[in-house]
Amino acid sequence: MQIRLNLEQKKYGYNVYINELERIEIKGKTAIVTNPKIAGLHLNTLLNSLKCDEYFIISVPDGEEYKNLATIELILEQLFTSKLDRSSTLIAFGGGVISDMTGFAASIYERGINFINIPTTLLAQVDASVGGKTGVNNKFGKNMIGSFYQPKAVYCESKFLRTLAFREFNAGLAEAVKMAVTFDKEMFEWLENVTLDEEQNLAKLVERSVLIKARVVEADEKERGLRALLNYGHTFAHVIENETGYKKYLHGEAVAIGMNMANSLSVKLGLMSEKDALRIKELLAKFSLPTHYVLRDESAFYEAFMLDKKTQEGSVKFILSNGIGSAVMKNDIKRDDVIKILREFK
């Protein structure tokens, strides 16, 4: 299965391959960026399929807390030491953290070299690996330093998902739920009824999510409008992750909580029915995802929104669902209305 992304009025683009890893062929030097856990589980599978002139491995620490400029420096140092040039290629082999960091390193090494995404987590396959968002975190928030830099190809393999821990697998489902709530009511209904034990259903889930992401990115590559709707749940989630030091919740878990918080705000504003909000909450519960976060200080939580990348001139832009299958951006919500919702989570 192949899905094509055409960008900048079809001047360039790339393919997302689903269960076609054997097609991967690269000219020139190749650096595979991964972590010890993924390497131990899946590196041999990749190397058995990879056709390239020369490769070497860059191993980085595992975890969101290492998604920072220090790790980027580590990657760049090894690229320089190994004398990669502009004809070389980086492979991001891992989850969303690896994808984001490798893409960012590729975008700044010698002002840009090729990179390929091979996501090994469900979260990365349904969302993070497609679309060209790259970056790292800092003390001010999540993904505050980064770039838009598209991969040359993406390879999604269902077999890599078999080794995911229960919690990590479910965290990936949060991003699939996000896709469904914002753009695809039929997909939402399918998720309500499907069991994901079968590999064909997993492949269908990835395919459907990638199709949504691809069409959105084609229409709005640099997130000036439509693509911003895919940040549903993330305005709240990024604050939660930053407050908890990126250690208490996996990203998808924080997004699940963020979606529930956003839905509470939507209901209060009359954008969403309580019935739809409950259906979303029940679907998240079906996938054993959290929906509640105990706030310490609602005012401090709100002030953290000011560092959100969508905030402009002191106006917080909230991505809210106005019914399953649809979403809107609102930048005229009163602070008091948001504070009242936040108090429900104390």
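The backbone N, Cα and C atoms fix where each Cβ goes, and this holds for glycine too.
With H234, H251 listed by Swiss-Prot as binding Zn(2+), the candidate from E157, E175, E303, E344 annotated for that site turns out to be E175. Looking at G96 (NAD(+) binding site) and H234 (Zn(2+) binding site), their Cα atoms lie 15 Å from each other. Secondary structure at D62 (NAD(+) binding site), taken from DSSP and collapsed to helix, strand or coil, is coil. In the three-state DSSP reading, G96 (NAD(+) binding site) counts as helix.
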